[in-house]
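A short worksheet on the structure shown next.
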Amino acid sequence: MANLEKKRVVVTGLGAITPIGNTLQDYWQGLMEGRNGIGPITRFDASDQACRFGGEVKDFDATQFLDRKEAKRMDRFCHFAVCASQQAINDAKLVINELNADEIGVLIGTGIGGLKVLEDQQTILLDKGPSRCSPFMIPMMIANMASGLTAINLGAKGPNNCTVTACAAGSNAIGDAFRLVQNGYAKAMICGGTEAAITPLSYAGFASARALSFRNDDPLHASRPFDKDRDGFVMGEGSGILILEELESALARGAKIYGEMVGYAMTCDAYHITAPVPDGRGATRAIAWALKDSGLKPEMVSYINAHGTSTPANDVTETRAIKQALGNHAYNIAVSSTKSMTGHLLGGSGGIEAVATVMAIAEDKVPPTINLENPDPECDLDYVPGQSRALIVDVALSNSFGFGGHNVTLAFKKYQ
């Protein structure tokens, strides 16, 4: 039941399946090393595609957490979500049982959902007829199954939902889960984002929209946020999951606490289906409102995990928004884009980037922006170029923006 007294919300578990590592430890180590997860596409024949590279998850085995029969009935985006959620639950040492199952929920966002199964079943429909289509096609395809299957796998019977807000979906899921715990609707939420959109149709569509990088001769340097020579984003895949828990619950069971979530805001540009409003006013409001929600002042911010897609429009617009929201203090903080290493996971990006943001607070280190070799004069902040950095991180923000004009900012701080 809802409680009028707002609860403090802490992060007690993290899980990550990414192009640079399939566990939290490997992912964080990869970020600290500046590991590059981009390479030629191996999941399908991309020889006729305008873009032929991406950030694939490597050496991933869904049967580590799922039996083979279950795994066959799930799309890859659900594999990532269910397995990353199991990692996070294990990390939190949170036992779900008959006594607490109703108080633990799931909220996982995705921008697209099961696109691969849709493509495969469309081919079967055209080649063999409707009677040969799989009875599992619909539950494998629909976006909410990442949350649904995670709940089934873990036995979590509390609030359950799915956000589908393009590239802001993972961050919206975390923010909405934060509100549920903060307002007493759940003791803990398993939340984040997932995506598996490295497919022929996805690449064809994003390439036609001129959103992707076409640097086929040099994929390792294609994702270059805030660099003058950037030419589009690089597709990635994977999932990042957080366990958000009521502080009293976490303390009662002696849980490890990575940090505290303190603010969330979302706005809309109401401007264009794909392009951000050039003056960045929508993103500016999201950043400012998240700080207001948290009760923190701009000068308290140490680090921002930027949306930083490596597209010509986003990086300049986001830089403007950060400066407009934080004033002159924007020049005193570290801002980095981990998409330079992982590529852009679309709806999954908010999940893995929130994980990185929380780890920056816990470890007092910030990830770099790799491939930033020729800075854009309009992008004039400290983007932590090239190498990770030791930095006392007391307050950190994570930005996510999506097609449709969605803007989301999450605010975290050290637990004290």
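From the backbone N, Cα and C atoms, a Cβ is placed for every residue, glycine too.
Note that the structure is predicted; figures quoted are calculated from it, not measured.
Swiss-Prot has this to say about the protein:
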type     : residues : note
DOMAIN   : 6-414    : domain 'Ketosynthase family 3 (KS3)'
ACT_SITE : CYS167   : active site, for beta-ketoacyl synthase activity
ACT_SITE : HIS307   : active site, for beta-ketoacyl synthase activity
ACT_SITE : HIS344   : active site, for beta-ketoacyl synthase activity
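In three-state terms derived from DSSP, HIS307 (active site, for beta-ketoacyl synthase activity) belongs to neither a helical nor a strand segment and is classed as coil.
Rounded to the nearest whole angstrom, the C-alpha distance between CYS167 (active site, for beta-ketoacyl synthase activity) and HIS344 (active site, for beta-ketoacyl synthase activity) is 9. Geometry remark: HIS307 (active site, for beta-ketoacyl synthase activity) versus HIS344 (active site, for beta-ketoacyl synthase activity), CA distance 9 Å.
Annotation for HIS344 (active site, for beta-ketoacyl synthase activity): same-chain Cβ neighbours under 8 Å, separated by at least 6 residues, are GLY55, CYS167, SER223, PHE233, VAL234, MET235, GLY236, THR309, SER310.
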